Amino acid sequence: MPCFNCVCTVQSLNSVLNVLVDNDRFGDAKEIFDESKEMGFRPNSVTFNVMIKGLLNGAEFDEACNMFDEMLERNVEPSVVTYNSFISFLCKKGEVEKAKKLFEDMVKKGKYPNAVTYALLMEGLCSLGEYKEAKKLMFDMEYKGCKTKVINFGVLMSYLGKRGEIEEAKSLLSEMKKRRFKPDVVIYNILVNYLCKESKVEEAYKVLIEMQVKGCEPNAATYRMMVDGFCNVGDFEGALKVLNVMLKSRHCPRSETFCRLVAGLLQCGKVDGACFVLEEMEKRKISLDLEAWGNLIRDAYSGVGDTNELLTQIILGY
């Protein structure tokens, strides 16, 4: 392993291995890991955690277990992160019972689960439709000395959102606030997304306002969902209003969202609004190709009114 006249430390080795693993180059990471041991490096828990993560990313569960055994043979103490990697893998495979056993083994060995450990198990339970069990686990964790975090509420919110159980999700959000948890953008986005899917865009817009008031900055995904939500119910003026806020926040919609909004405004006879959107596209170097222009004209002709005149105005304005 070349050192390029630099002093190699276990910390620098771990950084290199982590970059390789995160970029799907586990083979290179394994080669460097093996060479480092030959050169006398003593891997620490972080080193093994990175290698175990890489093996599990490649679904090499047995090899990851062998790496865990090597870790113990070298008297390197597994950390909570080590166990979390295995629990995450098992839960994603639907093997929640095995994950639970590992969880119990972890506790017996004096490794106390953290909020992430509980969140992983909760996700596994939710994936099997065991929402009540997941919720119970979240409340049990506090009795066992582990403080609940936003991530745990997020798991439950995500499940409820996917199931379309909006009222229960709103109730959970209220519960969060009562317990003085500050919902993050991920939590709010779950609610915005499913309110928009249920065509409750005005309610979703209130959530957007609440985010801003509470100091939770909406991200690009929040605005995109809102613009699409208004477009879906045919409220293109509402979509344009959100677009304005989005652009001021320096977030940019996808080209499809722009095109859909232009077509919708055109159908409503809002030529000025459509021209504004096209100008914003031009500023951001987002252009319409022939297919997009074709779709735009088709959508415009599905509206009412003097479409020929409107199209002439929009093209001349553009």
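We count from 1, first residue shown onward.
Quick reminder: no glycine exception, Cβ is built from N, Cα and C everywhere.
TrEMBL lists 9-43, 44-78, 79-113, 114-148, 149-183, 184-218, 219-253, 254-288 with the feature repeat 'PPR'.
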Integer average pLDDT (0 to 100) for the repeat 'PPR' (9-43): 87
Sequence-remote partners of the repeat 'PPR' (79-113) [C-beta within less than 8 Å, at least six residues beyond its ends]: 45, 48-49, 52-53, 56, 61, 64, 68, 71, 120-121, 123-125, 127-128, 141, 145-146
Residue numbers, six or more beyond the limits of the repeat 'PPR' (9-43), whose CB comes under 8 Å of its CB atoms: 1, 50-51, 53-55, 57-58, 71, 74, 76
For the repeat 'PPR' (149-183), the number of residues DSSP places in helix, strand and coil: 27 helix, 0 strand, 8 coil
Tally of residues which DSSP labels helix, strand or coil - the repeat 'PPR' (219-253): 26 helix, 0 strand, 9 coil
